[in-house]
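Taken from Swiss-Prot, the feature GTP binding site applies to Asp19, His20, Gly21, Lys22, Ser23, Thr24, Asn135, Lys136, Ile137, Asp138, supported by sequence analysis. Here Swiss-Prot flags 7-188 as domain 'tr-type G'.
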Amino acid sequence: MKEYKLENIRNFSIIAHIDHGKSTIADRLLESTSTVEQREMREQLLDSMDLERERGITIKAHPVTMYYKYNGEVYQLNLIDTPGHVDFSYEVSRSLTACEGALLIVDAAQGVQAQSLANVYLALERDLEIIPILNKIDLPAANPEKIRKQIEDYIGLDTTHAIACSAKTGEGISEILEAIVELIPPPKSPEETELKALIFDSHYDPYVGIMVYVRVMSGEIKKGDRITFMATKGSSFEVLGVGAFLPEATLIEGSLRAGQVGYFIANLKKVKDVKIGDTVTTVKHSAKVPLEGFKEINPVMFAGIYPIDSSDFDALKDALSRLQLNDSALTIEQESSHSLGFGFRCGFLGLLHLEIVFERIIREFDLDIIATAPSVIYKVVLKNGKTLFIDNPTAYPDPSIIEHMEEPWVHVNIITPQEYLSSIMNLCLDKRGVCLKTEMLDQHRLVLSYDLPLNEIVSDFNDKLKSVTKGYGSFDYRLGDYRKGSIIKLEILINDEPVDAFSCLVHRDKAEARGRSICEKLVGVIPQQLFKIPIQAAINKKVIARETIRALSKNVTAKCYGGDITRKRKLWEKQKKGKKRMKEFGKVSIPNTAFIEVLKID
């Protein structure tokens, strides 16, 4: 790394909604500072996963150090790229804590969107210097002046220094680099000399183990230091090397000093040993107080993952273990189901997190899997005063011992064009939402604030919102509190046998509609047998919906040409008895498609 001058360091992040051009602007900054040679340049350089490139999203934070010459001085610009999605908001908050400034990228045609709003508020809470960037000014629909006013009126940011740019053509990129140097303050000179470094991410490397990404707040960290983690108060480790992102992770001589961003390796083997937001300090001269803001990341929803072919169980176990190496938020627990066999109960931070894990298992490990419907964590208060937390219908206790149940709620902000207001209000009403306030974002768009049960969000809220707003609506949510709710267990019985994979926890008002839709769906996907198959939805053993798969008919009188009717009656009677016996002892085989179809139900 080049000469160290604290006043020449700039640590910044990029805040943007999906598809507003964050990764493309990062590419242009890397090009303009010659961090990457032209022949090595490719689109979305910092997005290393194929999934990130295809979806146009950032899943893992990717830091990079750039050197920029300005007015005869060389500045070290540390970009700490962050995931934009609400599922990863804790990681975003830690990454922003490692910065002094942020670039707020807004599409000059689309304007401010919900996810960028959520992250701007996180940045404002940390008192970061925010530079608004109006991207995609080359588009015919771009209206930079209108978007400037939107940012000023709704977010309350001064847009005097806002920069209009086009990441596609490169226009305005040099102005962005100048603004980073001029407007974002350098790191403050630390008052302490003891090492304090904020962990904002970690990565598993098969050769060196865990690489811990840090921003050094005070002191320095170098090879040979013995370090410990303050919040988790675990063992101590010897630092085997320190490095920087140039743009690839590269080991360096010397140390990482106050204000700098880099990583260290220390013979750590599990990501779970390294907690995002924790403080690193040395054992010899340890800091007295850790950095503020650390909290454990806990999953907010769960789903079962099962291999379609039971012989793939060990391969699935291996796949999940490997994914967990780079994803400390993913929790895994072995479970078994009568219908689906052996599988895993996995915990996720949200729907996007869940989708990403599923897709990676299928793509990277070439496995066919079935996932049960996602479930949130319910609080069950029993009559004896005890409290249980359950995320699986199989753990639902006997209703006679339940005092009441509580479900998690979330605060939701929805940004939408005005003409879709009534459709969104109907959607939120259907999802048991409570309207808090409605504000004008500009002449044509509104911001709606709602409280909604998390269970209603995880099913299909995003799809329905996109559907009723023709793709123009966007939303973000943050976890709220637990509230009392009439939550019950809905069981599905096939041929009078309960099938655990189809049972779910639902609100009483939605139970009948949900039960009916599952029964109707199963009639279409379970093949006919030689006997009638009843499909029933039941609550507390009381049937609330029923469909019947008709028996395959066999003409047993086909060989009787004319003759006495009693002969035919005898054959029909014999067939009837046989079908009755088959119904008693016959097993209904449920195809895998049935499980997949039921998951598609709202």
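These residue numbers are counts, starting from 1, taken along the chain as shown.
Here the Cβ of each residue, glycine as well, is placed from N, Cα and C on the backbone.
Annotation for the binding-site residues Ser23, Asn135: lowest Cβ count within 10 Å of the residue's own Cβ, Ser23.
Taking the domain 'tr-type G' (7-188) as a whole, pLDDT averages 82 in the prediction. Here the Cβ of Asp19 (GTP binding site) has 15 other Cβ atoms within 10 Å, regardless of which shown protein chain they belong to.
With a cut-off of 8 Å between CB atoms and residues at least 6 apart in sequence, the same chain places Ala108, Pro144, Ala164, Cys165, Ser166, Glu171, Gly172 near Ile137 (GTP binding site), listed in sequence order. For Gly21 (GTP binding site), the number of other Cβ atoms no farther than 10 Å from its own Cβ, over all displayed protein chains, is 24. Residues Asp19, His20, Gly21, Lys22, Ser23, Thr24, Asn135, Lys136, Ile137, Asp138, recorded as contacting GTP, have a largest CA-CA distance of 17 Å.
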